[in-house]
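Working notes, structure below.
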Amino acid sequence: MKQTKYIFVTGGVLSSLGKGIAAASIATLLKNSGLKVSILKADPYINVDPGTMSPFEHGEVFVTDDGAETDLDLGHYERFLDESLSQDNNFTTGRVYQSVIEKERRGEYLGKTIQVIPHIVGEIKDRIKKAGEGKDILIVEIGGTVGDIEGLPFLEAIRALRLEVGKNNAMNIHLTLVPFIKAAGELKTKPTQHSVGELRRIGISPDMIICRSEKALDRDLKDKIAISCGVEKNCVIESVDAASIYQIPLNFLKQDILSPIAEILDLKNLKPNMENWDSLVKRVIAPSNEVKIAFVGKYVDLKESYKSLTEAIIHAGAALDTKVELKWVDSEKLENMESSEVFKDVSGILVAGGFGYRGVEGKIKAIQYARENKIPFLGICLGMQLALVEFARNVLKLKDANSSEFNEKCQNPVVYLIDEFMDTNGEKQIRTAKTPLGGTMRLGAYKCDIKEKSLLAKVYNEVKSVKERHRHRYEANPKYRADFEKHGLIVSGESKGLIEAVELNCHPFFLAVQFHPEFTSRLEHVNPVICSFIKAAINYEDN
């Protein structure tokens with residue numbers, strides 16, 4: 001069997017430098033050169049997965065087709081690679097220890113003392129190898145920063161794995177910061193030198209260094225980094241701040257990043273076709289038109305919480321040659337503001353998902369304003385649930401209508417806890433209010449049957465069903481379906497009795513979906529729900 005080649009990506013100096021974007025950009029170039037490529041993110045934190053972590057703590061939780069709750073970098077990987085990944089493409093320290101302890105309890109280690117080396121490191125290596133099966137190249141991003149104590153087993157694993165697979169089958173890329181000191185008026189390389197020194201003390205010598213900076217590096221500075229860090233001169237690549245993350249693969253290509261990669265990994269004919277990508281990026285950066293959308297959410301102070309959704313909107317803008325300006329609206333603050341003043345200058349209102357009661361009434365106000373004023377509206381996940389609550393209160397006149405998530409004793413729970421459903425493997429899942437939170441939601445891609453001649457059918461080009469990804473614990477209560485439909489709120493999508501989408505039949509564009517369309521949107525293949533909403537907003541502005 002052909003040996004998979006590995007590219008290990010580490011980061012130094014500080015976090016949030018963009019290792020995920022760099023890894024995804026290299027993967028894009030390799031894939032467009034005709035290679036079978038995949039990416040894995042190894043996260044050193046102790047949580048089993050990010051599913052129960054606060055958006056303020058971790059940012060978005062990205063969900064794969066098979067229902068894995070993963071790091072937001074997997075979203076970048078999918079959007080750049082234009083491929084669906086799985087739970088094999090992300091694991092944490094918590095997951096590794098959980099697996100090793102379970103094996104120990106089953107007696108699989110035959111009574112041996114369980115240690116970080118070889119058992120924990122061995123488990124990490126096994127997971128990396130599994131993710132690379134059947135691929136020409138596996139890119140492995142190690143989360144965190146070199147020097148973090150929790151990352152040591154992961155660095156030991158990639159050090160050992162490189163020795164195991166041999167020369168020309170693995171390489172190390174290190175991403176560092178080259179800060180610009182305004183007072184001195186120059187870029188400083190010392191943090192990079194120290195970071196590489198720290199990496200070497202662990203036993204890893206980088207083959208390539210990618211330098212994050214707000215300004216371009218001149219040739220002398222690159223040569224200085226190459227000499228002091230022991231890499232070839234053509235292996236010092238700059239990653240300067242860009243107008244769009246989708247420029248990064250093109251910027252890397254201009255610096256001929258593939259030549260040293262090809263030489264180190266013994267690869268031939270790396271000539272990526274990036275024409276379509278380049279065309280779309282130009283429309284992202286310099287579109288012909290512009291439209292403004294209100295983005296209503298409770299985590300608007302941390303935009304990373306909605307990463308996939310904001311990227312999907314960029315994809316739609318590129319497809320429609322339009323810059324989509326987002327007006328961020330804090331749903332909690334909206335509760336005490338005048339809707340007409342907040343939404344007077346927008347051509348569409350998007351109500352995003354979320355958890356917990358804070359900011360809910362503000363979202364309901366936004367939905368009511370969109371419905372009554374015929375402004376294009378899209379509700380996602382909680383946005384759909386609250387569209388039902390708003391309609392029940394203001395049209396059906398059920399003033400105490402609510403979700404049982406926010407009021408367990410309400411008399412009209414138009415949204416309630418899903419107590420029984422079939423998971424993505426076809427197995428029955430039973431839930432109660434006391435079920436532990438971790439990994440117990442309705443997660444992953446489920447088939448949605450679409451009502452003929454509906455707005456949703458038009459959005460999806462008249463197909464009978466689609467598969468979209470979910471992440472929710474509560475669901476529309478079918479007990480109220482007849483009343484909703486009698487008054488014009490139509491169920492246009494469902495999945496084995498669960499309501500997946502609703503729409504208003506007397507509104508230019510009022511669509512709410514239980515699933516997350518943003519999780520399947522890519523630059524080269526935008527999700528139809530997001531694209532149709534932006535198109536409706538453009539039409540609203542034109543008219």
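Glycine is no exception: its Cβ is also placed from the backbone N, Cα and C atoms.
Annotated region 'Amidoligase domain' per Swiss-Prot: 1-267, in sequence order, evidence recorded as sequence analysis.
Among the features that Swiss-Prot reports, UTP binding site is placed at Ser15, Lys188, Thr189, Lys190, Pro191, Thr192, Gln193, Lys224. Sequence-distant neighbours of Ser15 (UTP binding site) (same chain, 6+ residues apart, CB-CB distance under 8 A): Gly144, Thr145.
There are 16 other CB atoms within 10 A of the CB of Lys224 (UTP binding site), with all protein chains counted. If you look up Swiss-Prot, you'll see Ser15, Asp148, Ile149, Glu150, Lys188, Thr189, Lys190, Pro191, Thr192, Gln193, Lys224 marked as CTP binding site, on the strength of sequence analysis.
Feature annotation from Swiss-Prot assigns ATP binding site to Ser16, Leu17, Gly18, Lys19, Gly20, Ile21, Asp73; the stated evidence is sequence analysis. Sequence-distant neighbours of Ser16 (ATP binding site) (same chain, six or more apart, CB under 8 Å from its CB) are absent. In this structure, Ser16 (ATP binding site) belongs to neither helix nor strand by DSSP; it is coil.
Asp73 (ATP binding site) counts 25 other C-beta atoms within 10 Å of its own C-beta, drawing on all protein chains shown. Here Swiss-Prot flags Asp73, Glu141 as Mg(2+) binding site.
Per Swiss-Prot, the feature domain 'Glutamine amidotransferase type-1' maps to 292-543; the stated evidence is sequence analysis.
Sequence annotations record features per position, and here Swiss-Prot assigns L-glutamine binding site to Gly354, Leu382, Gly383, Met384, Gln385, Glu405, Arg473 based on sequence analysis. Look at Met384 (L-glutamine binding site): DSSP puts it in a helix. Taking a C-beta cut-off of under 8 Å and a sequence gap of six or more, Met384 (L-glutamine binding site) has these contacts in its own chain: Ala476, Ala501, Val502, Ala512, Val513, Gln514.
Non-local neighbourhood of Cys381 (active site, nucleophile): Ala352, Gly353, Gly354, His470, Arg471, His472, Val513, Gln514, Phe515, His516, each in the same chain, at least six residues away, with C-beta under 8 Å from its C-beta. Summarising the annotation, Swiss-Prot assigns active site, nucleophile to Cys381 and lists sequence analysis as the type of evidence.
Around the Cβ of His516 (active site), a 10 Å sphere holds 24 further Cβ atoms from the protein chains shown. The active site feature in Swiss-Prot is assigned to His516 (among others); the stated evidence is sequence analysis.
According to Swiss-Prot, the feature active site maps to Glu518 (among others), an assignment based on sequence analysis. Annotation note: Glu518 (active site) sits in a helical segment as assigned by DSSP. Its Cβ taken as reference, Glu518 (active site) is surrounded by 27 other Cβ atoms within 10 Å in the chains shown.
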Spatially closest candidate among Lys188, Thr192, Gln193, the listed binding-site residues, to Gly18 (ATP binding site) (Cα to Cα):
Thr192
Just name the most isolated of the binding-site residues Thr192, Gln193, going by other Cβ atoms within 10 Å of its Cβ.
Gln193
Quick check: which same-chain residues outside Gly354, Leu382, Gly383, Met384, Gln385, Glu405, Arg473 lie with their CB within 8 A of the centre of the L-glutamine site CB atoms?
Gly353, Phe355, Cys381, Leu386, Ser403, Val415, His472, Tyr474
To which of the binding-site residues Lys19, Lys188, Lys190, Arg473 does the lowest count of other Cβ atoms within 10 Å belong?
Lys190
Taking the Cα atoms as reference points, how far is Gly383 (L-glutamine binding site) from Ile149 (CTP binding site) in Å?
40
Residues near the ATP site, Ser16, Leu17, Gly18, Lys19, Gly20, Ile21, Asp73 excluded, by Cβ within 8 Å of the Cβ center?
Gly11, Ala22, Ala23, His76, Glu141, Leu175
For Lys19 (ATP binding site), identify the closest of the recorded positions Gln193, Leu382, Glu405, Glu518, judging by Cα separation.
Gln193
Lys224 (UTP binding site) versus binding-site residues Leu17, Asp73, Ile149, Leu382 - nearest by Cα:
Leu17
